[in-house]
């Protein structure tokens, strides 16, 4: 695993995630599975990077390597100039899972307070942050409810608030809206963009929806399976301000087309 | 709308009354007092009246109220006939008891059908229906034991048990103090706490987890009856040896359930804690223990009944001259079966209160669990 010393100084300054020839092989009873192979990627501060590809392409695995929930078996990766483990221990990212994973015995407020309690924030500081982040995800007034009293979309928003409550400028999101219906998803996508603009966080976002990736991202990383690798990295030419109907412009459709081409080149449509 | 509705209990009750008619009188010829004609006619009138009313299309609360009054008056009169005439009831007596029981059934089903939006009525109904049900178990028990003259040694009527209970409150209270407040409570708290702490240690230390848990399963199969005399040898005749038996009985259910509960939290929830760089104890207190609560309360409930059984059985093997198990074993030897039943009733009541308190604690602590959500 790489260390900060090996990296050029000017690169660590603006680079939040930096991966070099990263590989991860799971040893299973049916032989080794190459989840990731030779992944090179730079994520710059303030980027919104989407990872797209069919299931099994390693996009979630890559996110979990950044989060130190999996260990890479080859290559180098740094997060905020540190090893992923150091980055995790210095609490430098917030992680949003596929499901809300809220604790049912805690109210929404208390769920948002969970990381703050663990990280030792003071009571007064906690209260202020809970209020601010719940406002940020439009859940003010629902703080006293229990998770099971809210809809799926609201629960996922609460889990985003929980990831935003502490001072991590990197947000890792693993198909956070995958389980929601399209209307709710559109709405949350729009809110997420506004939130990104207001908080100026760096976001890594895993999805399997082409429109979602194109609509949200400044960069789209197209991945392909067996072994999981990067086939294309697309810089978005869309403006940062994006109303929902931007998805019908020729520019948007051109980027979506390029993503689809990238997926096809990686044999993602073959089966 | 028709004016009558179907009531098979009513129909059957009428048939039973009809069957009882040729078998009159209600008491045999050698009974001390004969059943008066007035009383007999009144009993028939009450039961037949209730049966006929049950066909009428009345609102459920009114129907239930009429049946309630009629049925209990009939049962009261029937059992009243028996005083002094135990064992002299004729075969006309039992069809009438059965008929009034059927009408009580009808009454309960009318009450169950009552739809209410008020919470107090709802709560009242929830108490009233099982109370009627329970009362009828006692009425049937009383009528059969006294009507047919079942020997006292085999099964005393509930009224005799009740009398004995009321007249020996000081003895029963001393027994409860000895068995429940000393042996059961001490053993339960120490046994459950030890099981819980051991589970946490086993979770933390792999050596214990791999070594102790399989042995724990073996030890949980220990026959209590075999262990109790040894505990008496070790810890003496007083409550300490009974508490030791209770500790042995409650330790393993708690251990096994807590260990299972500690692995009940989901992978995603644990990854979340890992992403916060949460340490072992933070994860334990904020995630794994709350998630284990349904399992822990399961063990607490199982143990609440096990502890009572353990303490009572252990007293059979030697005890000072007080205690519920001691009383049961000595009074049965003296043929005081009513005292044994009184002791059983007290044990059942204490066990229910104990279980109820633990369940209440469970509802408060695990309100979030899908089975408790309101």
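Placement of Cβ uses the backbone N, Cα and C atoms for every residue, glycine included.
As annotated in TrEMBL, transmembrane segment covers the listed stretch B:89-111 rather than the other ranges in B:89-111, B:273-295.
Only pairs six or more apart in sequence are counted, and the transmembrane segment (B:243-268) with the transmembrane segment (B:180-202) gives three or more Cβ pairs under 8 Å, enough to call it a contact. Remote same-chain partners of the transmembrane segment (B:35-55), defined as residues 6 or more beyond its termini with a Cβ less than 8 Å from a stretch Cβ, comprise 4-7, 9-11, 13-14, 17, 24-27, 63, 66-67, 70-71, 73-74, 77-78, 81, 96, 99-100, 103, 106.
Long-range neighbours of the transmembrane segment (B:89-111) within the same chain, counting only residues 6 or more positions beyond its ends whose Cβ lies under 8 Å from a Cβ of the stretch, are 7, 9-10, 12-14, 16-17, 19-21, 23-28, 43-44, 46-47, 50-51, 54, 60, 63-64, 67-68, 70-71, 74-75, 78, 81-82, 125, 128-129, 132-133, 136, 139-140, 143-144, 146-148. Through the fold, the transmembrane segment (B:62-83) approaches residues 26-27, 35, 39, 42-43, 46-47, 49-50, 53-54, 56, 89, 93, 96-97, 100, 103-104, 106-107, 110-111, 114, 132, 139, 142-143, 146-147 of its own chain, all at least 6 residues removed from its boundaries and within a Cβ separation under 8 Å.
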